[in-house]
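Since the structure comes first, as structure tokens, the remarks are kept for the end.
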Amino acid sequence: MSSKMVGSNNLAHARRMVQQLRVEASIERIKVSKASADLMRYCGENAKYDPLLMGIPASENPFKDKKPCTIL
Amino acid sequence: MGEMEQMKKEAEALKTQIEAARKAVHDTDMASAASGVAPAPRVQLKTRKNLKGHLAKIYAMHWSTDNRLMVSASQDGKLLIWDSHTGNKVNAVPLKSSWVMTCAYAPSGNLVASGGLDNMCTVYNLKTPVIKTVKELDAHTGYLSCARFLSDTEILTASGDTTCALWDLETGKQKTVFLNHVGDCMCLSLSPDMNSFVSGACDSLAKLWDIRDGQCKQTFQGHTSDINAISFLPSGNAFITGSDDCTCKMYDLRADQEVIGYQDAALNSGVTSLALSMSARLIFAGYDDFNCNIWDSLKGEKVGVLSGHDNRVSCTGVPPDGMCVCTGSWDSFLKIWN
């Protein structure tokens, strides 16, 4: 590979990197306080549907092994 | 000034601009914002099932959308399909290459996929009378670290060759190649709306990609080592990463930055895997130290631990209905907890 080719590869790479940075620089950002508030609201609204957070009654737990009952 | 010099200067200026823009919106962090939120309860889960069947290290597992079946992959050269309610094995898929690193269940339940050091993603049909290989997706030049089905006709892969790819399962060809990481891609997670995905790599960066136009839209820094695990929050605006730097982080897409970190001075093992509870309040993170730690996603505090494996926890998964968490380990067992 001639040094000229290596040079143009580096240039092509640099152009791509700049193009990528332009894309990333151009986005609109929101405040972390707003992002946090939205997530807190999402967690709050969905907490009551979260079995691992709320706990699962034994009778509704499909993974709990059902033990036979003996009536004495 | 030569063009190369100009490019370098512009790159530096853009990086400075991005950092300044991030700083400008950094008016707080998640933990401070959530200081008024009631703490998550101490989470004490019990092992409900101990799934024995693999004969070597388990590397990956994935739940079916039916909340009951799951697929696991082991370097014993097999995929096992389990009925998690009974603990029974429903199917065994022998692999051509035992060096498997990932497995995936299609949302339809019809297909599963596996891949690893063979650099290929192999797709199997579970619904034919005998399980058949339907496609061998062969174009990556590095190991397959992660695969996720979008549907029965499209699958996303992440590879040690530093690329991710979207494949057409009818033709077996790559539709789109996602190029930008400079280190092995280790993990990927689809957004809930399926229009984008995030990837984590050994370059310690996470990237957001548009599935249709193939472009990297955002890059997230902060980790200081390989990102091994990544998961979108169900809200679609944020994702969690787990890394060899022993921490997990939450990144928000719209703030374009890390909003909270999950770490503990006493923890000096890498994070291998992670999964979220249904409300996203709890993070289940598997570590090299044989444990799975449970984090409060809003407050950044550890609220529980799943101990019981005799070796590294390599994979973690919560089914869509959130009814349990499954951990898989190098000790060859899978455990179901709730």
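Cβ coordinates are placed from backbone N, Cα and C, and glycine is handled just like the others.
Nobody curates TrEMBL annotations by hand; they come from automatic prediction.
The repeat 'WD' annotation in TrEMBL covers B:51-92 (among others). Broken down by DSSP into helix, strand and coil, the repeat 'WD' (B:51-92) contains 0 helix, 24 strand, 18 coil.
Look at the repeat 'WD' (B:137-177): DSSP puts its residues at 0 helix, 25 strand, 16 coil. What TrEMBL lists as repeat 'WD' is B:137-177 (among others).
Here TrEMBL flags B:178-219 (among others) as repeat 'WD'. With a threshold of 8 Å between CB atoms, the same-chain residues lying at least 6 positions outside the repeat 'WD' (B:178-219) that come near it are 142-143, 145-146, 148, 150, 156-166, 225-232, 234-236, 239, 241, 243, 245, 251, 253, 256.
Across the repeat 'WD' (B:220-261), DSSP helix (H, G, I), strand (E, B) and coil residues number 0 helix, 23 strand, 19 coil. Look at TrEMBL and you will find B:220-261 (among others) tagged as repeat 'WD'.
DSSP places the residues of the repeat 'WD' (B:306-338) in helix, strand and coil in these numbers: 0 helix, 15 strand, 18 coil. Summarising the annotation, TrEMBL assigns repeat 'WD' to B:306-338 (among others).
Beyond the ends of the repeat 'WD' (B:137-177), by six or more residues, the same chain brings 99, 101-108, 110-111, 113-123, 183-190, 194, 197, 199, 201, 209, 211-212, 214 to within a C-beta distance below 8 angstroms of the stretch. Same-chain neighbours of the repeat 'WD' (B:51-92): 98-105, 107-109, 112, 114, 116, 124, 126, 131, 311, 314-315, 317-321, 323-324, 326, 328-336, counting only residues six or more beyond its ends whose CB sits under 8 Å from a CB of the stretch. When averaged over the repeat 'WD' (B:306-338), pLDDT in the model lands at 97.
Using DSSP to sort the residues of the repeat 'WD' (B:178-219) gives these counts of helix, strand and coil: 0 helix, 23 strand, 19 coil.
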